[in-house]
Number of protein chains: 2
Amino acid sequence: MEFKISKDFIARIEQYISENREQELQALLHDIHTADIAEIMEELDAGEASYIFHILDSEKTSEILLELDEEIREKILKNLSPKEIAEELDEMSTDDAADIIAELPADMKEEVIQELNDDEHAKDIVDLLRYDEDTAGGLMGKELVKVNENWNVLTCVKEMRVQAENVQRVHSIYVVDDEGRLKGRLSLKDLLVTSTKTPISEVYIKKVDFVKVTTPDVEVARIMQKYDLEAIPVIDELGRLVGRITIDDVVDVIKEEADKDYQLAAGISQDVEADDSILDLTKARLPWLVLALLGGFVTVKVLGIFEPAMQNHGELFFFTPLIAAMAGNVGVQSSAIIVQGLANNTLSGSLWNRLIKEVLLTLLNGLMLASILFLGSHFLLGRGYDIALTVSISLITVIVIASLIGTFMPLLLNKFKIDPALATGPFITTSNDICGILIYFSIAKMILGF
Amino acid sequence: MEFKISKDFIARIEQYISENREQELQALLHDIHTADIAEIMEELDAGEASYIFHILDSEKTSEILLELDEEIREKILKNLSPKEIAEELDEMSTDDAADIIAELPADMKEEVIQELNDDEHAKDIVDLLRYDEDTAGGLMGKELVKVNENWNVLTCVKEMRVQAENVQRVHSIYVVDDEGRLKGRLSLKDLLVTSTKTPISEVYIKKVDFVKVTTPDVEVARIMQKYDLEAIPVIDELGRLVGRITIDDVVDVIKEEADKDYQLAAGISQDVEADDSILDLTKARLPWLVLALLGGFVTVKVLGIFEPAMQNHGELFFFTPLIAAMAGNVGVQSSAIIVQGLANNTLSGSLWNRLIKEVLLTLLNGLMLASILFLGSHFLLGRGYDIALTVSISLITVIVIASLIGTFMPLLLNKFKIDPALATGPFITTSNDICGILIYFSIAKMILGF
């Protein structure tokens, strides 16, 4: 049931555009979902995309604007007048409209706001603009259905009909007092099955989950997931109901947060996509590489210290990449599992138990790996028993320490309120490279003496 | 507004349990959300957790069961009779109940099903059990509100009141024909604002998104995210409406999928958590480490080939971990960005454009890194210009090739329907280690001659 964009389809659209066949294009796009039209526009060049945008009605274009990649949206908005942009925003919900305005250049913002048609809508949007985008205030929309605790069900239903006109999806009906403070909620289901004469105060549920405008967005996501909520009301400093957040907004937050952790683990420091510009991609990737390179200098320096080993035990140097890689791999595994536990809030028990468990686990893995390495070095790679023993003992030691660093580092960062995902990726592989090589040659020196 | 579990609180609960103060415990837990009670139970030992479970009423315990970690849930279910389990399931929605039954040992399943009280509920649950858990059929629930296209709004509202009794949250009202085939939907909002005499056929929306019972769960998640849906109906092979999937079920799929990619990138092969047993964690981690170790053998072998270099240019060996690490880092960055693009469906354009872009990007990064390496090797590490030049040229070559492998590998895997996330992590760092070292020493041999 999902629409699949084919190359042929894109080619046909490009042809229609070049031949200016407006009506056929409108007919072709008529039954296609706006999310799919946005994807089609991303396959076209900026001029063609703008053409399509102009032949569709504003109900569709406002949805398309929201579905587009930021980059392409920017290009299309640039070709629109403040009045035209305002027309698009009039069709949007308050939170979406506020997000679009926040992206506009400073001088455009005010002009667009003044062109907004509906005063109530404009007021709500301006209101939303003052919240930080990473907070509940930045996520919430103003569209909600609220009733006064002093009404009865009949008044309530009448009022709701009016309010529902402006609300795309009715999630919950919130109950407030005369000062607008959140008191509880009414479920739609209760409303379907309750007689119209009942006073609201008798039917509403006094227990209601809520967040404050200043609650961080990831916290909102965690709470909604944990308590399995589809919408959550937002209150201000005085306890007044000022907005609501729906689960679809939170899905984006969850996805972004998971993507960010993944990127950090891979050594990419900003929220970039494969289709971003080379400059953006460089900015996201180069800093980590420079850090890793500087770490590499240290490994060169460390190996230099052990130069005397080259005379009688040069083969030790053949094993450095192996030892370093194993240290890196074990470190990343250990840290990843902690980072994820922290992100999902599934860590329980004390730090000591965790470290002891990690050491046991790594010793178990280490013993097996060291046995393979011992046998492999001797029989497969033809090295002497002394070398085989040296590298095997070093391997166990190195990976136990690597796993301890990997476990400890994200916990430490988290303690200091730094994103623990920073600890994975190039950061941990580099520091484990250095430690690993230092330990390896120190052990070799003790066993072989050079 | 979120409840925070303190150590003191846990201590108090443990004390109450040991002193058998049932009523005080009930009072203490009365106002606490079931998700929080589940978290509290995870902090206690199995006996204490069971104690708490037994003093709460079944409305709460059924919710708690769903919130608990699988491991602890298993322990608690083991202490319950089939009849007791069935009582818990009677309180659950069909999809949740089916999930719990699927976890039970084979011999228990049938006994529990026979103890279910409500025949309709039991039939629905048994129905759900036959679907694969990774499909829309496995995700969906049977609770939905459906009306016949031949009814009018009045009949509809009456019927809905009856149906709504069994439905926790009414998302959409689905419209079916006499054969039960999905025809369209009615929005709750429309229902609020439409007169009761209108025939359904005049008000319902004929365009409705849906998935089939066999659609994979990740596909369902992608569609619901893309089209911004809070619920989606599920149809069987004959087009009949058989269930619905809500966004909260899909949030779990999205989260799990993102977590899985992250774990693969970190070299962890199963869905494990920090609190899983050492054996489970070993099974998830050891295979990758063995793979990396075997790759390490190859690097030892490769370095052995270049042993003659040791005589006059032994310092080359000091740089191997640096070169290998840089190859690994660049490879992981390149592959991660492709893996994420594939997962989020944000890749557009041709393969060639992508490879060319990646090469340009890496050349840009490579030139800067090579300059730093050249200057650093000479001035910081005191190496001659010949060595500095050799390692710098090698670095550019190695990371360009590493980035190409990193870009190409996930795309290739994806083509063959293998999870592209496999390409990141130890797999790519190991293969890049080998390639990197081989290229490095080959270039060194050409420049320095040994």
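Heads up, the Cβ atoms here are built off N, Cα and C, so glycines get one too.
What TrEMBL records for B:140-202, B:204-260 is domain 'CBS'. What TrEMBL lists as transmembrane segment is B:286-306, B:318-339, B:359-381, B:387-413.
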For the transmembrane segment (B:318-339), sequence-distant contacts whose Cβ falls under 8 Å of one of its Cβ atoms, 6 or more beyond its ends: 261, 265, 299, 303, 347, 354, 358, 362, 365, 369, 373, 377, 391, 394-395, 398-399, 401-407, 409-411, 420-421, 423-425, 428-429, 431-433, 435-437, 440
Helix, strand and coil counts within the domain 'CBS' (B:204-260) (DSSP): 24 helix, 16 strand, 17 coil
DSSP residue counts for the domain 'CBS' (B:140-202), split into helix, strand and coil: 21 helix, 17 strand, 25 coil
For the domain 'CBS' (B:140-202), mean pLDDT (0 to 100): 82
